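Structure record follows, encoded as structure tokens.
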Amino acid sequence: MKKNRAFLKWAGGKYPLVDEIRRHLPAGDCLIEPFVGAGSVFLNTDYDAYILADINSDLINLYNIVKLRTDDFVRDARTLFADEFNNSDQFYLLREEFNTSTEPYRRALLFLYLNRHCYNGLCRYNLRGEFNVPFGRYKKPYFPEEELYWFAEKSRNATFVCEHYRDTMAKAAAGAVVYCDPPYAPLSATANFTAYHTNSFSIADQQSLAHLAHQLSVESRVPVLISNHDTELTRDWYQHAALYVVKARRTISRNILGRSKVNELLALYR
């Protein structure tokens, strides 16, 4: 199966792990993703239906607009990728517009622009909920037209919702399969990157997610696959699951020389 890339750049995106994740995802009628992120697993699987959720309202707004107004969105977004908008002055003007706009369609256009023009494609907000990633200084940011159209085509069988992971997992019924890609447990005290939205993801949340996954698999017979870093802590959280270790390359790092392979853990409850 050809691998399809997401149209967004995303911290911890699962494109490099798609083959391994597909190998361990059980068959079912509907795939539920409480942490959809850039959607690489959704884009590279073939379930009859999808329920795709995230706590980031900007992300879900963008996905619904790409699904419902594909041609308009591609046409209008392309104009923001002209050379005249690829400089720091324009970037910060458009970032300010994004942070003050309440118009969903315009916010969706600007969210894609910011994602492709900001530093490392990071998605980060301050405590006021304002997007605050600096300008990335890329020579020619890529406009993901082909990826947008593929996403829209796949979205015909998908429902996008902005909600807490517990509410999404509560939708799981017979025939469903759940894939969870929560904000990763930190490898070290300085490696924590969970503030991609104003709602941070705590150790208690990680433990609660593991408990909920175990509960779903036992009480509702719904299989749940979770991905995370392979650490003593995550192995303890997922002690009731079958564990599979995968090598992957973490691509978001402040120190380029520090970009090395770390073990990833796939925990399957079934």
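For all residues, glycine too, the Cβ spot is worked out from N, Cα and C.
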Worksheet, complete the sentence: Which of Asp89, Asp167, Asp181, Asp205 shares the S-adenosyl-L-methionine site with Trp10, Lys14, Asp54 in Swiss-Prot? The record says Asp181
Worksheet item: How many other Cβ atoms sit within 10 Å of the Cβ of Asp54 (S-adenosyl-L-methionine binding site)?
Response: 24
